[in-house]
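Student: One structure, pasted below without further comment.
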Amino acid sequence: MPAFRPVLESKQRIILVSFYQPLPSFAAELSPPHSTPDFGYLADIHGCSQQYHIRVWLVANPRQSNQWCMSPSMYLSKLWNIHFTLSTARISDPYHLSKLGMTVSTMDGITQPKQDVETVEFVKPGPLQQLPLPRELAHLEGEGLVELERGLVRRLDSCLLPAVVILFLMNILDRNNIANAKIAGLPDTLGISNTQYNTCLMIFYVGYIITQIPSNLIITKVRPSLYIGFVTAAWGIVSMCQAFTRNFTGLLVCRLVLGLVEGPFLPGVFFLMSCWYKRSELPPRIALLYGANMLASAFGGLIAAGIVARMEGKLGRPAWEWLFIIEGSMTIAIALLVIPFIPDYPGTKRWWLQDDHQILADWRLQNENAGLVDDDPQSLIWGLKQAFLDPKLYMFVILQMALITAQSFNNFFPSIVGTLGYDDTITLLLTAPPYAFAFICSLIISFHAARKQERGYHIAIPLAFALLGNLLAMFVPTTGGRYFSMFLMTAGSYSPYNLCVSWLSSTLPRPKAKRATSLALVNLMGAGVAHFYTSYMFPDSQKPRYYAGGGVMSGACLVCAITALGIKWHLKQQNAELEKAELEEGRMAGEAIAGQERGNSPGGVVSFHYVH
């Protein structure tokens with residue numbers, strides 16, 4: 001069975017069709033589609049009902065360098081409002097239609113094929129991966145379509161993005177405020193040891209990993225806006241409850257439950273954003289999202305400094321209790337306010353999105369991901385199985401675990417800064433600048449990576465600076481030098497994180513169940529399992545240098561950088577294989593996307609290339 005692929009239309013709306021490989025003699029009839037009019041012509045071969053798209057190849061005319069020629073040629077004009085993009089693949093020896101025994105039925109608006117070599121006026125090629133526009137948007141051309149897409153992205157950036165950034169800021173604030181509470185006297189009030197405190201840090205991630213995969217399987221079947229709002233309000237309540245604990249057991253239980261309700265948030269948000277933004281749009285926006293991590297750490301120190309200075313003893317409560325009460329109540333209020341600004345999936349109604357925006361959002365992701373729709377009839381278990389069968393998933397698990405290990409200082413950062421010798425309030429204030437610097441670096445690196453369409457080097461190079469920071473923190477004797485090393489530690493290890501997440505989303509794009517499962521698995525292993533051992537890497541007995549923690553983080557920086565470069569090399573090889581398959585074998589590149597069963601897409605399959 002010959003393979004077909006979507007073709008392109010010139011500015012004169014003329015489709016150029018050519019078969020370039022030897023094919024067995026067969027009869028094909030080109031007829032207007034009936035069930036899917038938005039996706040071009042169907043080729044019914046020997047009465048088969050399977051859906052194909054015509055494949056087009058153009059070859060340069062050696063006699064007329066400023067023109068393109070094609071042999072054999074067939075002009076299909078007046079294709080209603082269907083739009084295509086010019087394909088410019090080079091084939092040296094096209095086969096004549098007459099040699100294939102092909103016949104074409106005569107229809108209104110379609111001219112009979114010509115058997116001689118034809119030349120056509122050169123038309124500047126458009127994007128190589130282009131599906132026909134949906135019927136509702138077929139009236140848009142050129143600037144009209146561009147402006148509609150700009151409007152969609154602007155609305156997403158003004159509603160969805162700020163909402164999830166604010167919620168993630170509260171997520172990190174409520175997760176890590178125990179580190180500031182330690183400086184404010186929590187261990188002394190509850191009478192817990194350093195090991196018990198570290199156990200409370202670790203138990204959070206036990207709950208955190210339990211709910212991640214089930215939650216991301218569930219979110220594909222429910223309304224994400226309500227689901228995300230619910231879990232946000234739930235962790236706000238649990239965070240407040242930490243203020244009323246009176247012993248180690250009470251704090252341990254609160255931290256476990258807090259992990260259970262915080263676990264669904266981050267992988268769910270990553271998944272939701274990948275349903276609305278294109279691959280090229282994700283890195284800078286995930287940089288802004290993950291920037292909330294650094295901003296929360298920066299503002300958390302400032303808020304804690306203010307509470308310690310002003311709230312100690314108010315209403316008979318120590319300052320660390322007020323820290324949990326104030327920040328937990330803020331989370332509950334914000335969760336209720338932002339729910340209306342979180343969309344569900346493309347195709348669902350939202351008050352701030354027009355109908356055209358919803359249709360366009362769905363189409364442009366199909367267009368980018370080889371024509372595969374962001375849905376499938378398969379079960380959740382099928383998506384889980386497909387994720388486990390993809391070797392790229394395990395590469396990203398190693399990458400994420402190493403990166404989280406390189407960031408393991410975050411739960412102890414106030415204590416690390418405290419080794420500089422300042423009082424509690426000054427120590428909490430000094431935790432803010434390194435995270436603010438990391439936030440700026442993260443934005444710069446992410447925007448540059450998005451512009452260059454590159455990931456591997458943008459992850460590996462910052463980690464080299466993180467490695468330098470770890471070494472300086474362990475061996476530089478001066479206070480100023482050690483504080484400078486903390487800037488390198490935070491910026492170098494935090495900057496690549498958002499690139500890792502967006503890289504995973506674009507590397508395992510479809511189907512929806514597989515992508516959701518993959519995001520949850522990577523976040524589970526990285527943000528979950530890695531914290532089982534990192535929670536014990538900075539015991540008080542190793543102050544002020546923390547050689548064990550610094551050594552492990554240094555090794556993690558190396559592993560993470562090497563893994564990123566390895567993934568880059570692997571994806572380059574995958575791209576080479578996809579290109580070879582297209583040019584030599586005539587196979588559809590989109591079929592190579594692991595985990596996508598054939599027949600799940602209503603349209604044709606177009607080229608898919610990995611970003612590396």
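Any Cβ shown, glycine's included, is placed from N, Cα and C.
Fair warning: this is a prediction, and the values are worked out from it, not measured in the lab.
What TrEMBL records for 160-572 is domain 'Major facilitator superfamily (MFS) profile'. Here TrEMBL flags 202-219, 226-245, 257-276, 288-310, 322-342, 393-413, 425-447, 459-477, 483-504, 516-534, 546-567 as transmembrane segment.
What's the neighbourhood like for each of these?
Tutor: Within its own chain, the transmembrane segment (226-245) has Cβ neighbours under 8 Å at 164, 167, 170-171, 174, 177-178, 190, 215, 218-219, 251, 254-255, 257-258, 261-262, 264-265, 268-269, 272, 317, 320-325, 327-332, 334-336, 338-339, 342, counting only residues six or more beyond its boundaries.
Listed as Cβ neighbours of the transmembrane segment (257-276) (distance under 8 Å, sequence separation of 6 or more from its ends, same chain) are residues 156, 160, 164, 167-168, 171, 174-175, 203-212, 215-216, 219-220, 224, 227-228, 231-232, 234-235, 238-239, 242, 282, 285-286, 289, 342-343, 345-346, 361, 365, 374, 501, 505-506, 509, 512, 515-516, 519-520, 523-524, 527-528.
Listed as Cβ neighbours of the transmembrane segment (288-310) (distance under 8 Å, sequence separation of 6 or more from its ends, same chain) are residues 161, 164-166, 168-173, 176-177, 180-181, 183-184, 269, 273, 319, 322-323, 326-327, 410, 413-414, 424-425, 428-433, 435-436, 438-439, 442-443, 490, 494, 497-498, 501.
Counting only same-chain residues 6+ beyond the ends of the transmembrane segment (322-342), those with a CB under 8 A from a CB of the stretch are 159-160, 162-164, 166-167, 170, 173-174, 177, 180-181, 184, 224-226, 228-229, 232-233, 235-243, 272, 303-304, 307, 311, 314, 351-352.
With a cut-off of 8 Å between Cβ atoms, the residues of this chain six or more beyond the transmembrane segment (393-413) that come close are 176, 178-179, 201, 297, 387, 431, 434, 459, 463, 466, 486, 489, 493-494, 496-497, 500, 503-504, 507-508, 518, 521-523, 525-527, 529-531, 534-535, 537-538, 546, 549, 552-553, 556-557, 559-560, 563-564, 566-567, 570.
Sequence-distant contacts of the transmembrane segment (425-447) (same chain, at least 6 residues past either end, Cβ-Cβ under 8 Å): 180, 183, 283-284, 286-288, 290-291, 294-295, 297-302, 304-305, 308-309, 413-414, 417-418, 458, 462, 483, 486-487, 489-491, 494-499.
With a cut-off of 8 Å between Cβ atoms, the residues of this chain six or more beyond the transmembrane segment (483-504) that come close are 270, 279, 282-283, 286-287, 289-291, 293-294, 396, 399-400, 403, 406-407, 409, 413, 416-417, 420, 430, 433-435, 437-438, 441-442, 445-446, 449, 455, 458-459, 462-473, 476, 518-519, 522, 553, 557, 560, 564, 567, 611.
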Student: When you look at the transmembrane segment (516-534) alongside the transmembrane segment (202-219), do they share 3+ Cβ pairs under 8 Å, ignoring any pair fewer than 6 residues apart in sequence?
Tutor: yes
